[in-house]
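Undergrad: First, the structure itself, so that you have it in front of you.
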Amino acid sequence: MGNGYYSLMATVLLVTSFERTLMQDPCRSCPAGTFCGQTKNPSCIPCPSDSFSSAGGQKACDICRRCEGVFRTRRVCTPTSNAECECIPGFHCRGAGCSMCEPDCRRGQELTLHGCEDCSAGTFNDQKHGPCQPWTDCSVDGKTVLVNGTKESDVVCGPVSADFSPGTATTVPAPAPGHHPQISIFLALAMTALFLVFLLMVRFSASAQGRKKLLYMFKQHLGLGT
């Protein structure tokens, strides 16, 4: 017997198996948009209003999703697909298939358990949703801060310094509000001057005591002491 005989036998067995499956479960032939009626002679029945079946052979149709409250309909339900919802203005979707809606916050804020709160120092958010993000560290790339960051925007970095080498930071931090570099320099010079005056006074005092001791020893040597 040749290969043709075996191929023919395999085809016959496959068809027989398929027919036997249909006889055992006639619902397998029901297409999407229908369900298999539970009767003595099962038949494919179209899904009723507000229900659907996205796959064939279902024993029942699924209830369509209803978009209510903070949800609105993005796509209506059909016999073969569920409805799709989206959030009303002032809210945004979260979760698979927009399973929930969260309120929007203003730029420069993030949503917390206590509601919308301003971004903390050193962070920003330029969107109406999502968490606050840390400002860019310009020093990592050897750049200086060109424009300081705010709660609503990231810092703007300047060009890379000519003498920058990887592993060194050249960014000069922006002065804090109310801080004046001139005052700091003056205070540093004044403290240095006072320290030098103190050293001179100590040295002068030590020299004076030394001269007194030397004069006393000289008098003792000449027998002039009492």
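Quick reminder: no glycine exception, Cβ is built from N, Cα and C everywhere.
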Undergrad: Per TrEMBL, which of Cys44, Cys47, Cys85, Cys87 is disulfide-bonded to Cys67?
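TA: That record, TrEMBL, gives the partner as Cys85.
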Undergrad: Cys64, Cys93: which one closes the disulfide with Cys77 in TrEMBL?
TA: Cys64
Undergrad: Over all shown protein chains, what is the count of other CB atoms within 10 A of the CB belonging to Cys67 (disulfide bond)?
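TA: Within a 10 Å radius of the Cβ of Cys67 (disulfide bond) lie 20 other Cβ atoms.
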